Amino acid sequence: MPLSPDQQAEIDDLRANPQPTLRAVSPGMEQHLYKAHDVLDHGFIRVIDYMGDDNAITQAARVSYGKGTKSVSNDEGLIRYLMRHWHSTPFEMCEIKLHVKLPVFVARQWIRHRTANVNEYSARYSILDREFYIPAPEHLAAQSVVNNQGRGEALQGEEAARVLEFLKSDSNRAYDHYQQMISQDDQQGLARELARMNLPANIYTQWYWKVDLHNLFHFLRLRADAHAQYEIRVYADAICEVVKDWVPFAYAAFEDYRMGGANLSGKAIDCLKRMLAGEDVTQETSGMSKGEWREFEGIVR
Ligand SMILES: Cc1cc2nc3c(=O)[nH]c(=O)nc-3n(C[C@H](O)[C@H](O)[C@H](O)COP(=O)(O)OP(=O)(O)OC[C@H]3O[C@@H](n4cnc5c(N)ncnc54)[C@H](O)[C@@H]3O)c2cc1C
């Protein structure tokens, strides 16, 4: 179960007691505050707090651009301009604080994003719950034959059943031993900070993660991308849904320029110009490597 009854009661209580504020609020984000959005089999993301909205981005930008107009259509245009030209500091004026519950192997990828503030559940102090990520059958995929860092079709039949059984029984056996080691019944009990080393990387951890919108977009561009591992991508997808409601103009610009757009090298732009002029450009005449050409074709064809 992603949320404990105590956590759910806390959320219900927080949502039942709104406070008046003079701060800018994003109506879309208010709908998400405190609520948990389920991810994977036991995980979730939930917004603990946020600062700013679309308006905070344009306000900050206008410090450098002067007063200008304040009409809504121009706010959207300005945000698109800032995104298009990598004028990133105005996006740093917005912040989000999330509570995330995620498997440890996903946390290892996530923590590589250094431009955030993190506080993780302490397994030195507390006892971890018996909660392990076990992939749904359709996500129990074979090693990809074309991409060393990817997966192929889902495993089938007896192999799928055997792998699932390994994952479940190994997780449970490791947890049984963890419990037995820390137990103080008739023994001293191993320190929790040592006993945890026996636990597998599919056990769940939790953290608070605070990041500004510029760095969040960077995270989302990398982790909501089709090349990201499924298990972190679903967290990024869930965050995208929240950000879409929080800062609709900024998110639309991000979707268009970053998620939907592409970077082209000088050689690629040259090829594109030659193709538009009617030339039948091939990989051999492009000046690009096979890999570059394959990626270029993926963009333009
Ligand atoms: C598909 C995919 C595969 C990956 N595979 C691997 C892998 O095999 N092995 C592996 O180790 N990692 C891997 N990574 C992690 C990747 O290399 C980055 O560490 C991770 O994506 C975080 O990106 P970042 O450093 O840009 O983000 P952040 O740490 O949030 O930094 C954001 C930006 O701030 C700047 N910055 C932050 N800190 C510094 C600094 N100390 N010095 C200079 N500039 C800084 C950089 O411009 C950086 O882009 C992979 C990531 C992805 C998305």
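Glycine too: its Cβ is placed from the backbone N, Cα and C atoms.
Among the candidates ARG84, ARG221, ARG223, the one that TrEMBL lists alongside GLN109, TRP110, ILE111, ARG112, GLU120, TYR121, SER122, ALA123, ARG124, ARG196 as binding dUMP is ARG223.
The 10 Å shell around the Cβ of SER122 (dUMP binding site) contains 11 further Cβ atoms across the protein chains shown. Taking the recorded positions HIS113, ARG124, HIS218, ARG223 in turn and counting surrounding C-beta atoms within 10 angstroms, the largest count is reached at ARG223.
ARG124 (dUMP binding site) has HIS113 as its nearest neighbour among the recorded positions THR89, HIS113, LEU213, HIS218, ARG223, going by CA to CA distance. Listed binding-site residues: ILE111, LEU213. The one with the lowest count of other Cβ atoms within 10 Å of its Cβ is ILE111. Selection of the binding-site residues THR89, GLN109, ILE111, GLU120, SER122, ARG124 by a Cβ distance under 6 Å from ligand 1 yields an empty set.
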